[in-house]
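Enquirer: Dropping the structure in here first, questions after.
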Ligand code: DMJ
């Protein structure tokens, strides 16, 4: 510094840049003020530091802060390009899914043909009752074979239905499961083939199931003895019925009426919806249990997972099934979606993942009723992502991909939530196996450090680190995420959904495939190699592989605007509106 001071100054011309040495001293700068560029630079630096520190401590809040501006852009979440997408087949991936189906089916056919369920590790089948089975797996798989063009396999399965299938079984069967899998399977096989064999069997089954509806309210009891045609209440559950179960029979019964011209099925199905419409509280969030004597909701958890899920799914799909004229269903659906957004939709504090929490009823010490928000989400809820996107586009009736201006009212909100939920469901596949657990728990703002340690990305699997994993850690070949990916792909043509579906398929191939044939669930998605469970759920062939196949297929196969999929992935046609379509 001394040296600088001692140097002699030389005169500087007007156009000459002052040499470094001639930069004014601190003192001089203070006198003349900072150049504007420096001031700006300092401000930007300061702002960036503040933003960085804010993001470090609370990233979710920052994203929420910028979201309103981000939202103003025309770019729709979940869509890469505004251009119309040609949804041609991805033949290599599609054919790999067909091979997987054959690997599953041929093992079942070899070891257990006709049995309700298949155990791929012990190479055995089993039935739901001691009195015998009702073709659970065969019937649930028929339409997948038809859709995949597996003619030989289908011919043998049809022959089994023709010669062996009987519902004259003196055993107790769950009304909901039998309806969505067996009745639904028969009806979609009819839809795809027009083979009257299936109407005949469907009517025979439905006539046995109808006794379930003979309650004072019209809400069906949980079970029936198909052979004796006796309704069997669920005594282990205080004779209550679950909301999803009573409200997920409607697409099947309505289509059966359409095919047989017998109104009784449709009337029974619609009566249930009238009872629910009357009983549903404000805000319209449905508790998971109802009383079939009174036709009322019973204080019980509220959730979009088990015992709640397909109630919401069928509100939308009943509206779609009859050509979008039954606005009563659409109103119930929209009301439910508003309430879900207001009370159940949550975000994780650091990673900003969107999920739907559950509400648990509790009594306070002074015996007041209150609801506790529980930050957990069943794998089952992953159906909702695709469902919300489907509802937002009024059943796929928008451009592909949709244009921002096509959304009115709450449609854009639903679309965005749907996409974000799919992203969260994909996040729950970030496990050691790439498979997602049965239940994901999410971190909240005030969780103790122990939870934070378990959940670096704001979510975790309860018990997955215990020697014997909790049931939460299982993956039982469920379809809900790939179901949503299929719908999102059809609505956008965006290849990200195919890539995500392919990732899931590869994880299933790697960890669930049994070399001797069939697929098995895993007991803990976070252990490699995983321990396998000796069961291949029927929805592996009816849903998971069907949705994967459709995800990689040409979009002309079963277009969403002409078909409605029941909750077990069985496609039914859209019914022309008639005098029956009067739920407004
Ligand atoms: C299926 O049987 C149906 O999708 C049902 O609605 C709920 N879950 C299983 C598959 O996970």
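Quick reminder: no glycine exception, Cβ is built from N, Cα and C everywhere.
Predicted automatically and left uncurated, TrEMBL annotations should be read as such.
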Enquirer: Quick test of your reading of TrEMBL: among 22-38, 39-55, 56-72, where does it put transmembrane segment?
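Expert: Residues 39-55 are the ones TrEMBL records as transmembrane segment.
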Enquirer: What Cα-Cα separation, expressed in whole Å, is found between residue 382 (disulfide bond) and residue 438 (active site, proton donor)?
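Expert: Answer for this pair: 11 Å between alpha carbons.
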Enquirer: I need the CA-to-CA distance for residue 438 (active site, proton donor) versus residue 480 (active site), whole Å please.
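Expert: That comes out at 11 Å between the alpha carbons.
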Enquirer: List nothing but the one residue from 177, 309, 438, 480 whose Cβ has the fewest other Cβ atoms within 10 Å; the candidates are the active-site residues.
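Expert: Checked 177, 309, 438, 480; of these active-site residues, fewest Cβ neighbours within 10 Å: 177.
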Enquirer: Which of the recorded positions 177, 425, 480 has its Cα closest in space to the Cα of residue 309 (active site)?
Expert: 480
Enquirer: Could you state the CA-to-CA distance between residue 177 (active site, proton donor) and residue 480 (active site) to the nearest Å?
Expert: 16
Enquirer: Check residue 438 (active site, proton donor) against DSSP and tell me helix, strand or coil, would you?
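Expert: Note: residue 438 (active site, proton donor) is coil by DSSP, not helix or strand.
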